[in-house]
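Per TrEMBL, disulfide bond is recorded for C34-C225, C160-C214, C165-C197. The signal peptide annotation in TrEMBL covers 1-21.
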Amino acid sequence: MPTSKAFLILVLAVLTPMAATSDTATNLTLHNLCAYPVWPLITPNIGLPAIPDLDDAASRLDGGGEGLVTLAVPSGAWSGRVVARTGCSSSDDYDSSSPSSSSTAAVARCDTGMPPAPVTVAQVSVHGSGGLAEYSVSLVDGFNLPVMVTPHGFEQGRQCPSLGCAVDLDVDCPRDARAPAGGCRAQGQGHFFKERCPDTRTTPTDVEATPQRCIQPGELKIVFCPDSSD
């Protein structure tokens, strides 16, 4: 019995830190380096809570680097997607007294980033098993602006590379793939996208050229229109 009890204590001592570290707090930072404002939209996966933004600080980010916001991701395993809409306008008949009203709901139309317009999608997942964080930039729904995801605050030696696309694909987008209000449609452009931005996902089964296995980053920073020379 003493031997069995000692073994049980040893097992609990090993497992307890693992459980604790899987729920390490993580921040999500959005920074707009585009020359124009963007209207971010953060959408949690089904069944997961929204990221609190009590002051609506992330509803609109000014351009030129002025638009910067950091939000705390809810505790527990969380995943979702982030897009940056452009050229947005508000609805004239928006009812601010409605219980369901929010700054996000007030956006009635955008040139890019809303269906059926092209949109670059950042996908993030944090607080996974053992503190695993996963992230990617998807061009499956097209491209509307360059996006990079960069982890910060992780232990040295972790595989936490910057991933995404810093290239403005709109410049060389084939004529037949150009959207009227800007952006590059995805249909038939998988090879065009992947050749210029290998660290993106261009199909549902695609993966980045650079491997990742990022454990417990303190922050995931999403930059819109990053410097392509970095």
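Each residue's number is its place along the chain shown, starting with 1.
Just so you know, glycine gets a Cβ as well, placed from its N, Cα and C.
Nobody curates TrEMBL annotations by hand; they come from automatic prediction.
Overlay of TrEMBL feature records on the structure.
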residue	record	Cβ neighbours (10 Å)
C34	disulfide bond	21
C160	disulfide bond	21
C165	disulfide bond	24
C197	disulfide bond	25
C214	disulfide bond	20
C225	disulfide bond	22
Original post:
Distance between C197 (disulfide bond) and C225 (disulfide bond) at the Cα atoms, whole Å?
Top reply: 14
Original post:
Among the disulfide-bonded residues listed here (C160, C165, C214), which has the Cα closest to the Cα of C34 (disulfide bond)?
Top reply: C165
**OP:** Please report how many Å separate the Cα atom of C165 (disulfide bond) from that of C225 (disulfide bond), as a whole number.
**Re:** 9
Original post:
From the Cα of C214 (disulfide bond) across to the Cα of C225 (disulfide bond), what is the distance in angstrom?
Top reply: 23
